[in-house]
């Protein structure tokens, strides 16, 4: 396989730039926050809580504007039968950031949490926090693997280098500067990467539009020329399915550690909200060139290009329409610059996800669940080890697993139907407890199957249809069940209602005396002080954090007589009789 020297040189220069910026950011901020008494481990996770609007806005935007975002948006617009109407990611994630900024950023930042799992462990206990860590971790790892896989395919299209080599090198660079500088390196490299994405793609668009093989995209938007119009349409029978997927993006895009890591690193709660709104605007702006590139792909007579007479969709290469347009409709030096933009998008998301996963493990699993007496140096080394381990795991999955995107879609479903309703309850619904959390966790199962993983559904929702898809290259016919019912949103609501219902039921049964306090085996209702429940001083160790909303729930009971069990009187009841 011939290697394009110019393309390889462009990639090497770009990667060196990112690496230098990451190391410089680590050196520049090596003592940030420590002089104010902040632990080194916390500084790695959330900086010195001094991320400003400029860097913060860029890094939060770059969190969502990854390889999957720009490649997936272009693919959706290009794909016949889909079009712009089904390119939901730009609007879905933008609204997700708006909703997060309006309702979730302020309470999370004002309470001084360090990770997204802190409020769960504070209210529901360390074991429940460990359970919620599982879907959160899977989401971050699968997301990193999916975008690294996309990067390998993109580089192989334009530069003609080995996919495995490109994935490993890209992952090693992202892991290295994340190891060295933590959130500061990730944030500062995000600024550079976002500039490269914006400039690289916008430079490519005029050249692609002016190619002789490309028709007027204004005409192909509403008329069939080479394929169906790229604006697309939503069939009324697909309305519920469209709404279900849109809600998954809008609401399921909130409970991710990569988002809250930026929120919690802001210098104030108000800044955290503003960062969310800036990132929402940034996501929309950054999607425009991807939409245009998808439209260009749908408006191209491929027979007049070096790609060949068979369109990408008929070669099952529609997922690589963005690099294909750069390769065959732009001059070589422009396509190589655009390639830098694509690799920038991938690395800006991969490093964030790896850091987020290691932060949750080091703090919520290792420190708060197992070794609360661990030193700051010990936590830092746990973070470094897990950054490498999780990065290596994502890289291995990108290289060895053929259905990485299917795994990521499945984990996204789990985040939406399990973590989002739990986050709603822990922040906004008073009185929920561990019993309700467990019930919501168990009941929030999707059960609708996963075509990407060839998992058959065990619940056939109303309106389901059997579909078949022919692999154009192998001519194999694959049959799968398409669920047209909004089962993901229904599962999310079921989890939310189960959490509230079982919480209040358990509270009533114990407080009314129907159940003896000895049956409160989770120490969620009767016990006022439990080793299982994280104390506020364990979660927040500094005086500059507002603690008013972190106070433990008082153990007032309706019937104090029921607290007397086998001759033992509770401290509450004995205090009242004195």
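Keep in mind that glycine also has a Cβ here, set from the backbone N, Cα and C atoms.
These come from TrEMBL:
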TRANSMEM  6-27  transmembrane segment
TRANSMEM  51-70  transmembrane segment
TRANSMEM  90-108  transmembrane segment
TRANSMEM  129-151  transmembrane segment
TRANSMEM  163-184  transmembrane segment
TRANSMEM  191-209  transmembrane segment
TRANSMEM  239-259  transmembrane segment
TRANSMEM  271-296  transmembrane segment
TRANSMEM  333-358  transmembrane segment
TRANSMEM  379-400  transmembrane segment
TRANSMEM  406-429  transmembrane segment
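Highest Cβ pair count under 8 Å relative to the transmembrane segment (129-151), across stretches 6-27, 90-108, 163-184, 191-209, 406-429: 406-429.
Among the recorded stretches 51-70, 90-108, 271-296, 379-400, the one sharing the largest number of Cβ pairs closer than 8 Å with the transmembrane segment (163-184) is 379-400. Three or more CB pairs closer than 8 A are found between the transmembrane segment (51-70) and the transmembrane segment (271-296), so contact between the two stretches is assigned (pairs 6 or more residues apart). For the transmembrane segment (239-259), the neighbouring stretch richest in Cβ pairs under 8 Å, chosen from 6-27, 90-108, 191-209, 271-296, 406-429, is 90-108. Listed by sequence, the residues of this chain that lie at least six past the ends of the transmembrane segment (191-209) yet keep a Cβ under 8 A from its Cβ atoms are 14, 17-18, 21, 54-55, 58-59, 61-62, 65, 70, 217, 282, 285-286, 289-290, 292-293, 296, 325-326, 329-331, 334-335, 337-342, 344-345, 347-348.
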